[in-house]
Amino acid sequence: MAGGNERSVKALKEVWKRAENSLCADCGKPDPDWASSTLGVFICLSCSGIHRNIPSISKVKSLKMDYWDDAQVQFLAKHGNAVTKAIYEAHIPIYYYQPSYNDCQVLREQWIRAKYERKEFTEEGKQLPYSDGVKEGILWKRGRDNGQFLPRKFLLSEREGCLKYFTKQDAKEPKINVKIDVINATFQPEKIGNPNGLQITYLKDNKTRNIFVYHESGKEVVDWFNAIRSVQFHYLKVAFPIASDNEIKNRLTRNFLKEGYMEKTGPKQREAFKKRWFTLDHRRLMYFKDPLDAFAKGEVFVGSGENGYSVQKGLPSGTQGNFSWHYGITIVTPDREYLFTCETETDQLEWIRAFTSVINQAMTPQEYASKCVDAVSFPS
């Protein structure tokens, strides 16, 4: 700590080491070493940068390098993460996505601004821009064939239980009309090449379709994301009336377990291995020629260990296909083996961990019903 009288420094250390202050108040990262002298919360370095961009609300200082006077230390002691959260997070809708330190910048920034700047969660029953069951507006959508982002009108409706988009502002009929219960949404700034990039996926004829969109406003795109979760939540409450709120919350939008390049060979396992982009979305392993493809070239169902699925490090001895990457993975299913190679051992181990986490989970009745996608083979 940079300075202050001995009593003040000791008092700061004592409030800092309270259990409630051991995680960042905004993203949950362990061992925060910054704090807001105006809000009274302990935060990590990354979140402190976001706080610094709203100086009218929050003034941040390093707990290690900056000087804290007696009044500021007393303010921290009086508040801290528990007291401040009780104020600013008092009425968060159950469907609202609360980001962690692993999430992208736009999600974390809008979460912080929603709490402290807009005070969206301080009052019960407050009307929120993503809570009224309908949302309409323009998102920039990537063209399936030409790759250009063009403005398209989107309409989300809880009453109709669907998401639509229109190619023209005055169009009477939508280009797509997707049921809300088959939609997933996840932020993909790096893949899309925009800090506010959002990937919307849905099932069509039991195959996954991708739509890539963004909005210039971080607030607007996060509002769309939470509006989708809100409509999904209320739809599922009706569909599954005996399910608890937390059970339904766990069925809302989800991040992909793992994405990245691997090489794969065809079903005969004698073809040359080809580099492809893979996405593991819980039990659906999909591959694409390009990360921004609208449709997967192939999908395979990854079931549970008790149903005959396993993942093995390396390739079977005698594998004939030519491959340039040498860190192999074999997925064993009741019907066949799928062979992949990774560029590095780190990639290999991360993929194996992701597959193992899925295989170790028991299958739900709904997953048994969707098991038919296992018949979709990986062409070469």
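Glycine residues also receive a Cβ, built from the backbone N, Cα and C atoms like all the rest.
Taken from TrEMBL, the feature domain 'Arf-GAP' covers 6-129. The average pLDDT the prediction assigns to the domain 'Arf-GAP' (6-129) is 94.
TrEMBL lists 132-233 (among others) with the feature domain 'PH'.
Residues or ranges marked as domain 'PH' by TrEMBL: 255-360 (among others).
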Discussion item. Based on DSSP, tally up the residues of the domain 'PH' (132-233) by helix, strand and coil.
Written reply: 23 helix, 47 strand, 32 coil
